[in-house]
Structures are given as C-alpha cells and as structure tokens.
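Before any comments, here is the structure.
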Amino acid sequence: MSQALTYASYLKIDELLNLQTPRSHGPEHDELLFIVIHQVYELWFKQILHELDYLCDLLRANDTGRANQSIRRILTILKTIVAQVDVMETMTPLQFNAFRGSLESASGFQSLQFREIEFVLGYKRPAILQHFAALPSHERLEQRYQEPSLWDSFLHYLQLNGYAIPSEQIGRDVTQSLVASPAIQTILITVYRQNPLVSNLCERLIDLDEGFQEWRYRHVKMVERTIGMKQGTGGSSGAAYLASTIKPFFPDLWAIRADL
C-alpha cells in the first residue's frame, strides 16, 4: 500500500535540500547563500517560461482578460527576483571573493533558462546558440530560437482584433531579433487612440518590458558593487557586458510615446 502524500513527499523536500553543494574549503559561510539565491532564480525562471508560453497561447486565442492576468503574475515574479538582489547585496566583496575562486568558470551567463526567456521575448542572437552547442540542453534552446516570440503572438492578437498587420511582419524570420517597424508604430498609435481594451494590454507589455530592464539594472549594480569592473567568472566582461543588455524587448511600444 502506498504511503499517504505529505508536504515533504509532494514537494520532494529531502531532495531539494540536498541540492546545495558548496565547493569552497570550509566551506565559506556565504557560499550557501550564493547557491540558494541562484537556485531560486532558476525556479522562478522556470515559472516565468511557463507563464510566457501560456501568454503566447492566450494572445493567439484573443483572450485579453487572461492575458492581462498572466502578465500581472509575471510582473509579480519579476518584483520578487528584483528583491532577491537586496539579499545578495548583504554579501560584501570580501565575503564573495572568499569563495569566488571555487566557482571556476561557472557563471550566470550560462543560465540556459534565462536565454530561453530572452528568445521568447524576441532577443535572439546566434552566438548564444554556439555558446551552448556542446551541452545536452542545446536542443531545447535551439527549439526556442526557431519558435515565434511573444511579440509575434501579440501581432497575431492585433490581427484578430481587426488591425491590418503587414505581411512582412506576420511572416517575418522569427530567428531574427526584433527591430522597430514604423508601420507597426502607426497601427499602435491608432490602437492607443481608439481601443482602450487593446491599448491597456499594450501598457501591460510595457510594464513587462520595464520589469525585465529593472531586473537587469539591479543585477548590473549588484555586480559592480561586488566585483567592480573585473572580468566575470565565465569570461564575460562582467558588469560592462550586463550593462550592454539593458535595452527594450518591444521597441515599437517605446517608440510611439512621443506621438501619443
């Protein structure tokens, strides 16, 4: 007879609490915090991807109400992961450097799930695929690269709501990063002036974009505070590389602000 389901067995608490394996000698007290925070990030990234996939489906089904609800959930998660930076910043540079060497070449740059999030949001770079080419998870990332982005689903949503989206946008090469489109901007200006329901969804997408930029900014400042302008453990330029990634995912929604 099988045992009754418990809190611990349902959530696999024993397995979960055995996943933190410090590598430093001692180990250093602060390494556990570093591991826990990054593992929690990965769990939130998993949930964000789950929500983004759902959001794409909702947009393609023209379900505005549930789409807004899904975006609100993602925004709340983003606020949570931004707040985790506050916890990380309780660690001083000396405390981090006490175990930094134990990380060897491991780096947040190697987070496959965050690269998946970037791809879903339309920020696609072939070099990222090459970086993960030797890993078993490369196939999953390649699939994300080949799939339409959230913005493509949004354009489909606009089409369902009666807006004539140019064929070159609907049929665009989805492996390319998004670039601003004057034609789409003209449509969006009309949306804002005439359709409160759809323009409200546009504003929630702006919130989403801003939320990711806020997290990137806090991440940059945390890295600067901890290691200054040193090279990252994975070989990147550290804070300088992170700062270069603070750019909007949905440029058309930002470009129309001056014309509203």
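The backbone N, Cα and C atoms fix where each Cβ goes, and this holds for glycine too.
Record features (Swiss-Prot):
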- F34, I35, V36, I37, H38, R100, T233: substrate binding site (BINDING)
- H219: heme binding site (BINDING)
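Distribution of Swiss-Prot features across the structure.
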{"residue": "F34", "record": "substrate binding site", "contacts (Cβ under 8 Å, 6+ apart)": "M88, M91, F96, F99"}
{"residue": "I35", "record": "substrate binding site", "contacts (Cβ under 8 Å, 6+ apart)": "Q20, T21, P22"}
{"residue": "V36", "record": "substrate binding site", "contacts (Cβ under 8 Å, 6+ apart)": "Q20"}
{"residue": "I37", "record": "substrate binding site", "contacts (Cβ under 8 Å, 6+ apart)": "Q84, V87, M88"}
{"residue": "H38", "record": "substrate binding site", "contacts (Cβ under 8 Å, 6+ apart)": "G108"}
I need the least crowded one of these binding-site residues (R100, H219), counting other C-beta atoms within 10 angstroms of each C-beta.
R100
Can you tell me how far the Cα of H219 (heme binding site) sits from the Cα of R100 (substrate binding site), in Å?
17
